[in-house]
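*Asks:* This is the feature table in Swiss-Prot:
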SIGNAL    1-31  signal peptide
DOMAIN    39-95  domain '4Fe-4S Mo/W bis-MGD-type'
BINDING   46, 49, 53, 81  [4Fe-4S] cluster binding site
BINDING   83, 150, 175, 179, 212-219, 243-247, 262-264, 372, 376, 482, 508-509, 531, 558, 718-727, 802, 819  Mo-bis(molybdopterin guanine dinucleotide) binding site
BINDING   794  substrate binding site
């Protein structure tokens, strides 16, 4: 669109006047720009992190041409972060995939062949053959899927149905296993229900913010802007930031704490001890609403059973616990004295006391925020449990301005991975595959034979890598994720399985990522507003958007791929005879007919869409697929504390926070007057537990799986930077973001660099026991590691830092610890 200088100035003047009058800028744009087709604006949640910012998307002539913060969005109130402003450009990279690609030689599939353009029918032909062969020869455990916290809600639901009900395989897991699994298990252990009890409105009412392993200034910048506003507007507000290295969030900190890796467990127990020793327990809350339990210890590190660390563990993978008295709990935390804590953590005593006083002060409303520093941790579940302890001891929970809050990193890690239940052990609404009653509920709702869903937990993310390497998992489909770059221990545990000739790997992606280029078949995927979608953010807010443009070429949404592929299988090909005998009416039907084109899902006509409304999947099928899938899925949570609103309500609103009961969303769960599931007179009720009480756990410090030694003498921590998101497969295709941070660097303390004869800008080889990468020395800038630790982001495909990382996981959540392994440096 071209504008004369006069028109441009006129547009700016009108926009400024409109802003002053409180009018929306898109309306002004339509009024001013008359030379060509006007830009059409519609709402959508941002494509990036779990904050869930609302944006206005401008489309013209079939392309997304503009994006701005939505002033009516309650999350961001019209403000975007730097990534959000460049959303249109993520869709139009020069190497966007538009047609399926198969490795071929001499006209047919070959594992060592070159990628060759094929049709969708050809792609599904080879997929069908590979899936059916694996199912026939080795059974459902030989196939698997790795999905995403970036799936829309109905994409995740469709995938879970296809694998768990259709193929009878629980080998489906999301990449949220790498980021949110510890939070999930922590919530379930303490409260019996997943996801935070508070919301973002807490920010404007809190007196203190404590960040545990969360660089919100770069990873959740819009929320950080709200915290900054609260801190700078009120001199009595305090910010404490804890990390293993100094980062941009420290710029606002009143108490910036650098601790030795893994010793956050010590600090958490010290604060609990401080609260007890200073008689700061909220006795009324504690006596009515809390139970105490002692957890199993020495639980291993989630490595292969043959690993020496696993052999040495007394209780590998144990989630066991037993009741304990308050006196026993008091004695347990009493060992974590101020002196011992300062010694183990390297944190000055006065800083530790200042931190503990925030929680102990009955007049201070405290919010605890955390992300990957807690979750990507070999004791991540414990860390989650221990921070809940502090809020439960003091009663600072489920009320405006105070509570524990786990922040998510992906746009629908909550709404899709967690709530839908795309983990290998989960079903919708916090149900699990190991519970016969839960399986029965799903099987009846889905009208499939009893016993269809396997009771055995499937392979989690890291276990999938190991099974591929071992030749046990032979057909593997990944969607909306770049795990060859993002997952741990690439050299030893991932690449061997992907390139094993016994295995067939399918990657659905918009771009030729590291994962796509390591696959055998690449399926081009529609992204963001090229499809109708729904995400669920960190504060339980479910948000919808409409399809606003069509995908380029033959790119198709993940939902289309799943549903169309299901047509290739009849029930007799995937279910044993004893199951078919229970529902003989399903014989001869395709999985498409059994799972998707059912009376329950297909009852909403496509005529519910406006005539000019894009919806490629529904118009092709002849019914409103997204609405049918959502309403079927939402049934599982309604009446059980996971209530979602009717489908149409979300297109009208800027998101709603569940539980949504009688048209009203819930800001604070578990407290009387805020949560519709808490009756008058109950005060608080943690209704995920049978007795309505939350659990305080006694859990000790246990060391990291791998620490520096004489040879590998530095800690390595990995993470992100503001300008790029995860592996950079979208943001590195935005020229402005790429120029702002073009390549990964190794952040290192100047004295550590000097001791190794390294200077800023030097090339350096970073070496672990598993691999090596070459990076660039950075002794200045935004991240300032202490001596003994280096930090490296993972967005750069040319510097695969996960060649270095260890595939140790939290044994309870199976989430990888990307924050702690040992490396050495060699000058290049």
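Cβ atoms are placed via backbone N, Cα and C, with glycine included.
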*Asks:* Once near-sequence residues are set aside, which residues in the chain of residue 372 (Mo-bis(molybdopterin guanine dinucleotide) binding site), 6 or more away, have Cβ atoms under 8 Å from its Cβ?
*Replies:* 179, 213, 214, 409, 719, 818, 819
*Asks:* Taking the mean position of the Cβ atoms of 46, 49, 53, 81 as the [4Fe-4S] cluster site, which residues outside that list, in the same chain, have a Cβ no more than 8 Å away, listed in sequence order?
*Replies:* 48, 51, 52, 76, 80, 83, 84, 221, 222
*Asks:* If you run through the domain '4Fe-4S Mo/W bis-MGD-type' (39-95) with DSSP, how many residues end up as helix, strand and coil?
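*Replies:* Helix/strand/coil tally for the domain '4Fe-4S Mo/W bis-MGD-type' (39-95): 9 helix, 20 strand, 28 coil.
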*Asks:* For residue 726 (Mo-bis(molybdopterin guanine dinucleotide) binding site), which DSSP three-state class applies?
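*Replies:* DSSP assigns residue 726 (Mo-bis(molybdopterin guanine dinucleotide) binding site) to coil.
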*Asks:* Helix, strand or coil at the residue listed as 'substrate binding site', per DSSP?
*Replies:* coil
*Asks:* Taking every protein chain shown into account, which of the binding-site residues 83, 531 has the largest tally of Cβ atoms within 10 Å of its Cβ?
*Replies:* 531
*Asks:* Identify, among the binding-site residues 46, 49, 721, the residue whose Cβ has the fewest other Cβ atoms within 10 Å in this structure.
*Replies:* 721
*Asks:* Output, ordered by sequence, the same-chain residues six or more apart from residue 53 ([4Fe-4S] cluster binding site) with a CB under 8 Å from its CB, or 'none'.
*Replies:* 45, 46, 69, 70, 73, 75, 76, 79, 80, 81, 84, 222
*Asks:* Which residues in the same chain, at least 6 apart in sequence, have a Cβ under 8 Å from the Cβ of residue 218 (Mo-bis(molybdopterin guanine dinucleotide) binding site)?
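*Replies:* Within the chain, residue 218 (Mo-bis(molybdopterin guanine dinucleotide) binding site) has Cβ neighbours under 8 Å at 247, 248, 249, 720, 721, 722, 782.
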*Asks:* Mean pLDDT for the domain '4Fe-4S Mo/W bis-MGD-type' (39-95), as a whole number?
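*Replies:* A mean pLDDT of 97 is what the model gives the domain '4Fe-4S Mo/W bis-MGD-type' (39-95).
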